[in-house]
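Asks: Below you'll find the structure I mean.
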Amino acid sequence: MSKQDYYELLGVEKGASPDDIKKAYRKQAMQFHPDRNPGNADAEQKFKEINEAYDVLKDEQKRAAYDRFGHAAFEQGGPGGGGGGGFGGFGGGGFSDIFDEMFGEFMGGGGRRGQSTGRGADLRYNMDISLEDAFAGKTATVKVPSSAPCEDCKGTGGKDGAQPVTCSACHGHGKVRQQQGFFTIERTCPTCQGMGKIIKDPCRSCGGSGRTRKEKTLQVNIPAGVEDGTRIRLAGEGEAGMRGAPAGDLYIFLSIAAHRIFQRDGANIFCRVPIPMTTAALGGTIEVPTIDGSKAKVTIPEGTQTGNQFRLRSKGMSVLRSPARGDMFIQAVVETPVNLTKRQKELLNEFNEAGEGEKAKNSPESQGFFAKVKELWEDLKEG
């Protein structure tokens, strides 16, 4: 145990905040980490001392005991069983452990905690599908690069398939305890990395991890009626676990591409359909495409205006895990003719002249609008 003042070791004042202590420790740890100072015994010793200091000062109870009793608070009993790896913190691990400690809080927990079970990591795969695929469902083929159990050692990590043996440091528990004064600290065993077992003769193909990189081809069943952003879980299809531990899961995230004709709102579909001016005025029947590839007939009543909506029941999207379907809504867009011939213009003028006395009846919306404008001007004049 270092006899130097722990606050001096980290370069902070005695009243420093926990954040200041953490920042100072990270700076010192980066500077003196053995990976950055190979073969430098002084740097290695300094690294151990600042780990020892940080292990005490980062803990509220231990810091209070140190402030009251100094080093004497931790001289009873000394370190317990387990050995190796310093006094918590980054331990004797590689340089990447520092970044695990620094950024672990953003990943749902501290450092290398997830390695204690050896479970493989979960994977994410983003898949684009069409609206038609979302309606009908499909079976898609995906190729996912991931780790898989090593074929040479069958995932055990041992040469010629040799099985791991119980770790003598933690006796198979994956955790070791250290007694420091009044406190007992439990941490991941640095010898077996929390696995509880070690490989005496590692497999050359996988280096003892029991895993190799591999691209696997999977069939993904996409049910009819899925929504944009739907997540599909494939259990056990993620990264392989360490030395035979359970594999992680694969999550397929679906993104439905925008359609050229249809707009979706839940189980319903909307479609803007251009209606010829004559059909809108006289009425008639039109054919419209549907999401299932068929055509449906829609009756257009006389006097249809832009914005009028017509409903086709059960012509919308499939409903997830149900035989039902949503509805399709046709939104009329009355199309004004362009590029008219001389004869067409003559006919339209004749039509306009013929209806001169019927405008209030033929065009109620426009007549009502201009009547309101006239009233407005009269009110302004009177005011």
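Glycine too: its Cβ is placed from the backbone N, Cα and C atoms.
Here Swiss-Prot flags Cys150, Cys153, Cys203, Cys206 as Zn(2+) 1 binding site. The Zn(2+) 2 binding site feature in Swiss-Prot is assigned to Cys167, Cys170, Cys189, Cys192. Here Swiss-Prot flags 5-70 as domain 'J', drawing on sequence analysis. The feature repeat 'CXXCXGXG motif' is assigned by Swiss-Prot to 150-157, 167-174, 189-196, 203-210. Residues or ranges marked as zinc finger by Swiss-Prot on the basis of sequence analysis: 137-215.
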Asks: Which range wins on Cβ pairs under 8 Å with the repeat 'CXXCXGXG motif' (150-157): 167-174, 189-196, 203-210?
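Replies: By Cβ pairs under 8 Å, 203-210 leads among 167-174, 189-196, 203-210.
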Asks: Write down the Cα-Cα distance for Cys167 (Zn(2+) 2 binding site) and Cys153 (Zn(2+) 1 binding site), rounded and given in Å.
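Replies: Computed Cα spacing between Cys153 (Zn(2+) 1 binding site) and Cys167 (Zn(2+) 2 binding site) is 19 Å.
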Asks: Express the predicted model's confidence over the repeat 'CXXCXGXG motif' (167-174) as a mean pLDDT, rounded to an integer.
Replies: 86
Asks: Can you give me the Cα-Cα distance between Cys170 (Zn(2+) 2 binding site) and Cys203 (Zn(2+) 1 binding site) in Å, rounded to a whole number?
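Replies: About 23 Å separates the two Cα atoms.
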Asks: Using the CB centroid of Cys150, Cys153, Cys203, Cys206 as the Zn(2+) 1 site centre, which other residues of the same chain sit with their CB within 8 A?
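Replies: Near the Zn(2+) 1 site, beyond Cys150, Cys153, Cys203, Cys206, sit Glu151, Asp152, Lys154, Gly155, Thr156, Gly157, Gly158, Pro202, Arg204, Ser205, Gly207, Gly208, Ser209, Gly210, Arg211, Thr212.
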Asks: Looking at Cβ-Cβ distances, which residues of the chain lie under 8 angstroms from Cys206 (Zn(2+) 1 binding site) while being 6 or more apart from it?
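Replies: Looking at Cβ-Cβ distances below 8 Å from Cys206 (Zn(2+) 1 binding site), excluding near sequence neighbours, one finds Cys150, Asp152, Cys153, Gly157, Thr212.
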Asks: To the nearest Å, how far is the Cα of Cys167 (Zn(2+) 2 binding site) from the Cα of Cys203 (Zn(2+) 1 binding site)?
Replies: 18
Asks: Roughly how many Å lie between the Cα atoms of Cys192 (Zn(2+) 2 binding site) and Cys203 (Zn(2+) 1 binding site), rounded to a whole value?
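Replies: Cys203 (Zn(2+) 1 binding site) has its Cα 16 Å from the Cα of Cys192 (Zn(2+) 2 binding site).
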Asks: Would you kindly give the Cα-Cα distance separating Cys189 (Zn(2+) 2 binding site) and Cys203 (Zn(2+) 1 binding site), rounded to the nearest Å?
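Replies: Pair distance, Cα basis, whole Å: 22 Å.
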Asks: What are the other residues, in sequence order, whose C-beta lies within 8 angstroms of the center of the C-beta atoms of Cys167, Cys170, Cys189, Cys192 at the Zn(2+) 2 site?
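Replies: Close Cβ neighbours, site residues excluded: Ser168, Ala169, His171, Gly172, His173, Gly174, Lys175, Val176, Pro190, Thr191, Gln193, Gly194, Met195, Gly196, Lys197, Ile198.
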Asks: In the repeat 'CXXCXGXG motif' (167-174), how many residues does DSSP assign to helix, to strand and to coil?
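Replies: Looking at the repeat 'CXXCXGXG motif' (167-174) with DSSP, the answer is 0 helix, 0 strand, 8 coil.
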